[in-house]
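K.L.:
One structure, pasted below without further comment.
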Amino acid sequence: MFYRENGQFKTTYRADQQIFPIAQDRWAVLLLIAAAFIVVPMLSSGYMFRAILIPFLIMSLAALGVNILVGYCGQISLGSGAFMAVGAYAAFNFFVRVPGMPLLLALILGGLCASAFGILFGLPSLRVKGLYLAVATLAAQFFSDWMFLRIKWFTNDAPSGSVSVAGLQVFGIPIESPTSKYLFCLTILVVLALLAKNLVRSAVGREWMAIRDMDVAAAVIGIRPMYAKLSAFAVSSFIIGVAGALWGFVYLSAWEPAAFSVDLSFKLLFMVIIGGMGSIMGSFFGAAFIVILPIFLNQFLPFLGRAVGVPISTVVTSHAELIVFGSLIVWFLIVEPHGLAKLWSIGKQKLRLWPFPH
Amino acid sequence: MAFFLETLLGGLMAGMLYSLVALGFVLIYKASGVFNFAQGAMVLFAALAMARFSEWIPGWTGIDNRIAVNLAAFLLAGMVMFVVAWLIERLALRHLVNQEGTTLLMATLGIGYFLDGIGQTLFGSNIYEINIGMPKDPMLAFESVFEGGILINKEDLYAALIAAVLVAMLSLFFQKTSTGRALRAVADDHQAAQSIGIPLNRIWFIVWCVAGVVALVAGVIWGSKLGVQFSLTTVALRALPVVILGGLTSVPGAIIGGLIIGVGEKMSEVFVGPYVGGGIEIWFAYVLALVFLLFRPQGLFGEKIIDRV
């Protein structure tokens, strides 16, 4: 009843081809964006911004990028952390070395560098796929780990190996307070998410999905695998690179290569699996899940331990985190391979008939 | 010349150990079509079990003979690995029959995380020692041939020997027994194997048991060399390019790939490393494998897969 699209007639192609053709979707997204921009900053505390909201936004952006590659184009990647690192370090170099470099331009240039890096390490995908590719992308990860640790030029010859940025501002507005950081990340996320949403339903997006479903068949009907795969690598690494730059600039503000380790790559893949492969919405769910779960476990397990009378140390919590992550991955793959996004769409389907099922 | 040979030998020894871990990957892939990312976690889990059991057994039983204790710990750890294999089959893989390779890959990632967590919860997360009495002191060889001789680590020599025996036994098992044949049939096509009456569940259980034992052996050898700690899982990540280089389905490929990677790593570190700031052994193997993939996607001995629409 709440989600019934009967009677919403489209009389022009324009109306039919909107990003959100169903009125309820359109309103829900608009409301959501408005709430994120207006209501959330009024209600949240500094801790909420720093610990949950800002990491959630940036991780959503990164998960979005990974989802384009893994979910839409079917190229399993375990090197996403490397693309984030390249984005962060490239943006850092542009920002520090070029005097008067605007922040936004530095972010975009960082994303473009990540894009180039992604295409380079995406080249093997033309020859190999699936399992072999997953391992091949690890090469990107280890190479970038080494590159940013050992080649001093990338860190602007910082003796400690860690780099930092300060004095962020966009169009004269300083990005220093948690609220402004949040709004800045949110703006970038909304813009890129809408672009991505549009892209995956365009001709390019459909090519990606054809390649994902069966690349030989796709090649037979005239899709160029090279073009499709490399464009997926380029677009996804661009988004991941921008996310990486945001992660370094806005969230960490001082970082070292360990911040973008292979662990981060795995986490990004988990976000996509848990959130839902091949779904823009799913990236947000996955990121929220992975960001909030450790915080939840950190609060909940000691509480539970006190209730039962068993002291729970932080070591135990960190192990519990691994156990919960691991079992959740397997559980999701078995029970709901399409992730949380599928639950969401099942919910919408139910609302279509509610309260009068057939 | 002696220095070059020493580096070469060191590389070969390290490569043998890589092969041992790579073997775990190949075995599971060959026999069930699952690329097992949890192999590293299994190595850590097995090594942790072994280290802790050998610590606890004297307290439990009063036996103090090191050989007896180690043997008992090895058997117990082996049993634990069997239980792990059974649980993995029962709880995860049984529900994922006929799924795509990538889904199974991601499931093993989850299993790996789970094993990491549960292993450290059960056995503790400090650095432990495995002492199986391998001689630690290096020896000099070929003193008559080269000036100064070649320094060889006895420990490595024993490890290589154990690895060789294990590999030989496994190849026999795969080639000569009917179970081995059934395993290879399952790897080719789950559905087809099931339809001619091969019990998939039992086959998977056997495969994971074998992989568990290989992980245990690798864990014991690596663990007695480096100590048992979390970083042992990264050894498995280091062994991945070996599998790629050798081909996913080939046991000899794992061995030769391991040797190539081991030698390549040592050589590059010693002879190229100083010019680019060192530490290149972290990625050298990967980039080598990557470049190799561009020319021969199926690896050295892998089977060429032909896709049809």
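Using N, Cα and C of the backbone, Cβ positions are placed for all residues, glycine too.
From TrEMBL, here are the annotated features:
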{"type": "TRANSMEM", "residues": "A:27-44", "note": "transmembrane segment"}
{"type": "TRANSMEM", "residues": "A:51-70", "note": "transmembrane segment"}
{"type": "TRANSMEM", "residues": "A:76-96", "note": "transmembrane segment"}
{"type": "TRANSMEM", "residues": "A:103-124", "note": "transmembrane segment"}
{"type": "TRANSMEM", "residues": "A:130-149", "note": "transmembrane segment"}
{"type": "TRANSMEM", "residues": "A:181-200", "note": "transmembrane segment"}
{"type": "TRANSMEM", "residues": "A:230-250", "note": "transmembrane segment"}
{"type": "TRANSMEM", "residues": "A:270-296", "note": "transmembrane segment"}
{"type": "TRANSMEM", "residues": "A:308-334", "note": "transmembrane segment"}
K.L.:
Out of A:51-70, A:103-124, A:181-200, A:230-250, A:308-334, what stretch is closest in contact terms to the transmembrane segment (A:27-44), meaning most Cβ pairs under 8 angstroms?
P.N.:
A:181-200
K.L.:
How about the transmembrane segment (A:181-200) and the transmembrane segment (A:230-250): at least 3 CB pairs under 8 Å, pairs 6 or more apart in sequence, or not?
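P.N.:
Answer yes: the transmembrane segment (A:181-200) meets the transmembrane segment (A:230-250) with 3 or more Cβ pairs below 8 Å.
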K.L.:
Between the transmembrane segment (A:270-296) and the transmembrane segment (A:76-96), do 3 or more CB pairs sit under 8 angstroms, pairs being 6 or more residues apart?
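P.N.:
In this chain the transmembrane segment (A:76-96) does not contact the transmembrane segment (A:270-296) - fewer than 3 Cβ pairs sit under 8 Å.
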K.L.:
Does the transmembrane segment (A:270-296) make contact with the transmembrane segment (A:103-124) through 3 or more Cβ pairs under 8 Å, each pair 6 or more apart in sequence?
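P.N.:
No, since the transmembrane segment (A:270-296) and the transmembrane segment (A:103-124) share fewer than 3 Cβ pairs closer than 8 Å, they do not count as touching.
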K.L.:
Looking only at the recorded stretches A:51-70, A:103-124, A:308-334, which one has the largest tally of CB-CB distances under 8 Å to the transmembrane segment (A:130-149)?
P.N.:
A:103-124
K.L.:
The transmembrane segment (A:103-124): which same-chain residues, six or more beyond its ends, come within Cβ distance under 8 Å?
P.N.:
75, 79, 82-84, 86-92, 94-95, 132-133, 136-137, 139-140, 143-144, 168-170, 175, 188, 229-230, 232-242, 244-246, 249
